[in-house]
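Now, the feature entries from TrEMBL:
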ACT_SITE  A:Lys96  active site, schiff-base intermediate with DXP
BINDING   A:Gly157, A:Ala183, A:Gly184, A:Asn205, A:Thr206  1-deoxy-D-xylulose 5-phosphate binding site
DOMAIN    A:3-248  domain 'Thiazole synthase ThiG'
Amino acid sequence: MLKIGKEQFNSRLFLGTGKYPDYDIQKKAVDVSETEVLTFSVRRMNIFDPDQPNFLEKIELNKYRFLPNTAGAKDAEEAVRIAKLANASGLCDMVKVEVIGCPKTLLPDPVETLKATEILLADGFTVLPYTSDDVVLARKLEELGAHAIMPGASPIGSGQGIINPLNLQFIIEQANVPVIVDAGIGSPKDAAYAMELGADGVLLNTAVSGARNPVQMAEAMKLAIEAGRLGYLAGRIDKKTYAVASSPEDGISVGG
Amino acid sequence: MGIIVNGESLELNQRIETVEDLLGHLQLKKKSLIVEHNQTILKMEQHDKAKVTEGDRFEIVHFVGGG
């Protein structure tokens, strides 16, 4: 059971809701993923087209916890405003702090992320900051009181997978709050690897929504995260330089 | 009465007193949305109390897909 703040989850897959081919496919993908946490962004409504469909209308709201992000914020002040707007919906207490500091790499701004996290914690939010894989920054976010730490595996939407497993391992080892690997996951292998490293969960979006078959990929990610988690709990063997036979070396029956 | 909604100037001829009326006029009443009124974020239960006056600025936002 994964616990974040007051919330408890059976599923360790957090699923983004962006860029699916259509709502039907998205709904099926969400269903088979068995996720309990859906992320969203907050944007202006098109007031001249009130009948535009919205994914929230397609799902049973009480089946999920919503994790709005503050994507679009360039500093702490904007992130706090977006978080408060999301909270005023009455649909969520959690927020993913996301302050982008570089338009090309979409890497998070560490200083503004810290500031926003501090302000939102003081306001009573359940705060899950999206951060780089910087080990010291992750510790400082936890010291502020963040309810989970969400280090990126690689740049958002890049699908490059885990480019610095050592840093992730350090972040996971030192953390006393859940670590959710967020961003950059490309394939089920990456998700399983994150879980094998000891992550408490994985947040992904494009890896599913951009797959040739998003519904199939959603199931693959679910299974990969379960497999990675089980593997982590079971404890993998040490790596050795040379072969160690798995069949007995004596008692071999040789003719003559 | 002139107001600004999501950066667009709107001229209201109808009788609109509250934010609730404004949402009705824009046909947004049944939507999951959040209203910011002159930089103050409104809770749902404040929509029928907040008064709309000349020159007010509104941001009407909602949840969209994102990761």
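All residue numbers here begin at 1 and follow the chain in the order shown.
From the backbone N, Cα and C atoms, a Cβ is placed for every residue, glycine too.
Caution: TrEMBL annotation is automatic and unverified by curators.
Fair warning: this is a prediction, and the values are worked out from it, not measured in the lab.
TrEMBL feature annotations superimposed on the structure.
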{"residue": "A:Lys96", "record": "active site, schiff-base intermediate with DXP", "Cβ neighbours (10 Å)": "29"}
{"residue": "A:Gly157", "record": "1-deoxy-D-xylulose 5-phosphate binding site", "Cβ neighbours (10 Å)": "19"}
{"residue": "A:Ala183", "record": "1-deoxy-D-xylulose 5-phosphate binding site", "Cβ neighbours (10 Å)": "27"}
{"residue": "A:Gly184", "record": "1-deoxy-D-xylulose 5-phosphate binding site", "Cβ neighbours (10 Å)": "25"}
{"residue": "A:Asn205", "record": "1-deoxy-D-xylulose 5-phosphate binding site", "Cβ neighbours (10 Å)": "23"}
{"residue": "A:Thr206", "record": "1-deoxy-D-xylulose 5-phosphate binding site", "Cβ neighbours (10 Å)": "19"}
**Asked** Are there recorded positions in A:Lys96, A:Gly184, A:Asn205 whose CB lies under 8 Å from a CB of chain B, and which ones?
**Response** A:Asn205
**Request:** Using DSSP reduced to three states, classify A:Asn205 (1-deoxy-D-xylulose 5-phosphate binding site) as helix, strand or coil.
**Result:** coil
**Prompt:** How many whole Å apart are the CA atoms of A:Gly157 (1-deoxy-D-xylulose 5-phosphate binding site) and the residue listed as 'active site, schiff-base intermediate with DXP'?
**Reply:** 17
**Message:** Restricting to the record's 1-deoxy-D-xylulose 5-phosphate-binding residues (A:Gly157, A:Ala183, A:Gly184, A:Asn205, A:Thr206), give me the longest CA-CA distance in Å as a whole number.
**Reply:** 9
**Complete:** Rounded Cα distance, in Å, between A:Gly184 (1-deoxy-D-xylulose 5-phosphate binding site) and the residue listed as 'active site, schiff-base intermediate with DXP' is 16
**Fill in**
The average per-residue pLDDT within the domain 'Thiazole synthase ThiG' (A:3-248) comes out at 96
**Message:** Measuring Cα to Cα, how far is A:Ala183 (1-deoxy-D-xylulose 5-phosphate binding site) from the residue listed as 'active site, schiff-base intermediate with DXP' in Å?
**Reply:** 12
